[in-house]
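J.: Pasting a structure below so you can have a look.
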């Protein structure tokens, strides 16, 4: 009977999770103290066993959290350090592993430009005849000539003798025809499985050269917000208009560009007159112009305008030549294109 009562008390104690635990003194004070002492020892051993198990499991989890957090923190720190290092070097991480090789100037300094490479730079041919003019004789020639003269009227009214801003506007328009012509010739070549005679590349070279003119003029002029808005408007209208003209009549389109380049030569000549007279300050040339045209380190604005004007004269000749090919009833691919003819 006494064993039954002691067993019931022990089972009740364990089932209550130790809520009815009695001290050793209380157990000894009860009848059947020998059995009470034995039960107390067993109970204490079970209690300390489960307590040690719980404490060890909690400690292991804490250790894992601490260690895991430390590893993650170290990894995050390494990522941040690598990212900061790459940003300082001007690098962009890529899954594809693409990166530009280190390029140097001839003097050993780093090449600073992403918009063009050293092999795109060149020395302008200043010996070109600036006075050449295609006299309009045929009907389409006269249409092209009158169209360009009409376009000059609002330009003169808006810019007057602010030739820096005028040149910036001119270059945003001048960079469009080469891209439109090259694009349409490219698509034609794909449709008809024909070679282009090099004209796709020649026209895209022209567009790229005109774009570099614009990048240079932006450095010099720093256009205001309303001038930028005007550029957006003019470019949108001119691109779509010229696209339609080139689809209908490539010879008219090229003749228009030839006359536009003649007007550009005139505008840059007037620009140089104002520089020589002191009306426009002959500031140092932008670094991008010095690298692109291989100008001397002490080059000035006047030197930049001279090389740009020479480029425009070359574009004049290329487009009048292209128009002549069409007027002779031939396609551009039948005559070799003047490549690398800036």
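Along the chain as shown, the residues are counted starting at 1.
For all residues, glycine too, the Cβ spot is worked out from N, Cα and C.
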J.: Please identify the range among 48-69, 70-91, 92-113 that TrEMBL labels region 'Disordered'.
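T.: Per TrEMBL, the stretch marked region 'Disordered' is 70-91.
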J.: Test of understanding: give the count of other CB atoms lying within 10 angstroms of the CB of residue 171 (Fe cation 1 binding site).
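T.: That number is 23.
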J.: Looking only at C-alpha atoms, tell me how far residue 315 (Fe cation 2 binding site) is from residue 210 (Fe cation 1 binding site), rounded to the nearest Å.
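T.: About 9 Å separate the Cα atoms of these two residues.
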J.: Taking the Cβ of residue 261 (Fe cation 2 binding site) as the centre, count every other Cβ atom within 10 Å, in any protein chain shown.
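T.: The answer is 26.
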J.: When you average the Cβ positions of 210, 261, 312, 315 for the Fe cation 2 site, which other residues in that chain have a Cβ within 8 Å of that mean position?
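T.: Here the non-site neighbours turn out to be 174, 206, 209, 257, 260, 264, 311, 313, 314, 316.
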